[in-house]
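Novice: Handing you a structure now.
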Amino acid sequence: TQLKRSSILRMALSGSETMNQDEHEESFILRALRIAVVVALYWFVSITMVFLNNYLLDNRELDAPLFITFYQCVVTVALCWLMQLFAKLCPGVVDFPSVRFDVKTSREVLPLSIVFIGMITFNNMCLKYVGVAFYTIGRSLSTVFNVLLSFIILKQTTSFQALICCGIILGGFWLGVDQEGLAGSLSWSGVFFGVLASAFVSLNAIYTKKVMPAVDGSIWKLSFYNNINACVLFLPLILVFGEVGKVASFSGLTNLHFWGMMTLGGVFGFAIGYVTGLQIKFTSPLTHNVSGTAKACAQTVIAVVYNSSSKSLLWWTSNMMVLGGSSAYTWVKSREMQKSTQEFSTQREEKNTLRV
């Protein structure tokens, strides 16, 4: 029996719809797989870097945290030069901006570099004294300092909902310190350095916005100049705090394993900037913050299991308060940004209508 034209047309249309649907499903699966790989890579690099730094800083034979941090900055500068070389040799494969050292640009980045030194130094000192399990609590006040310093320096006010989130974070911080003290494992030095690290993380974010125009908005150029300045500024600090003698008397100074681990720490320190950018690129800033919060939770659990520690319910509650408050703050700020963007678009449309 011959098919009618309408039946043939219907079959053709249904076939094209099926093909489009299959292509859409395939592209969605590939996109989801790409995002999953990027997020997994971010988690792996970030968690490994924290544990690796804790291993290096926990070396009782070498008590030289400034020297360790200095060496990681040297590795970062070397990797920036290497990435530039690869970008010239393989322009289609490696994308890295061409950077030539300029004294004027270095001078403009210097205020940020001073803050950057404080951030990475106090961050490592906190990790040295509190360990990985308490690290999330010890470094949990970055959001609170961000609100406080934004008001003091930038005169930016914060909504009541965001302040409630900060209150939850503060409550989790104090509860965590209290529980760590009851367990007999509290280090006040670690808490002190953690608070300072949180403050410098917030200052680093504020100064980064100010310095970005000097490096044409390139995060890689900023990293290059930041780490070169840090290498120079660390040298007198290492001399003042007497770490030269400690390094010279270290028995493992000729140990290839030691230098391999030190270099690996620098590589992961460089890689965290790259994978962070990848995660933001393939997801969104909000998803990146949520992923970072979930990563911190997983990192804490891994550290507790690895060390075979026994923690109280209130200790875990403090972690949940910090992570929950941080996630809620991120959600509140993203909603506020969306609302302000919509209001700006509406006002712009109204102005265009009035002009017409």
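Any Cβ shown, glycine's included, is placed from N, Cα and C.
So TrEMBL lists these for the protein:
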type: DOMAIN; residues: 34-305; note: domain 'Sugar phosphate transporter'
type: TRANSMEM; residues: 28-52; note: transmembrane segment
type: TRANSMEM; residues: 64-89; note: transmembrane segment
type: TRANSMEM; residues: 134-154; note: transmembrane segment
type: TRANSMEM; residues: 160-177; note: transmembrane segment
type: TRANSMEM; residues: 189-207; note: transmembrane segment
type: TRANSMEM; residues: 227-244; note: transmembrane segment
type: TRANSMEM; residues: 256-276; note: transmembrane segment
Novice: With Cβ distances under 8 Å as the criterion, find the stretch in 64-89, 134-154, 189-207, 256-276 that has the most pairs with the transmembrane segment (227-244).
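Specialist: Between the candidates 64-89, 134-154, 189-207, 256-276, the best contact partner of the transmembrane segment (227-244) is 64-89.
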Novice: Tell me if the transmembrane segment (64-89) touches the transmembrane segment (256-276). I count contact as 3 or more CB pairs below 8 A, with pairs 6 or more residues apart.
Specialist: yes
Novice: Other than its close neighbours in sequence, what residues sit by the transmembrane segment (134-154), given a CB gap under 8 Å and a spacing of at least six beyond its ends?
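Specialist: Apart from its flanks, the transmembrane segment (134-154) reaches 50, 54, 123, 126-127, 162-163, 165-166, 169-170, 172-173, 176-177, 180, 185, 190-191, 193-195, 197-199, 201-203, 205-206, 296-297, 299-300, 303, 318-319, 322-323, 325-326, 329.
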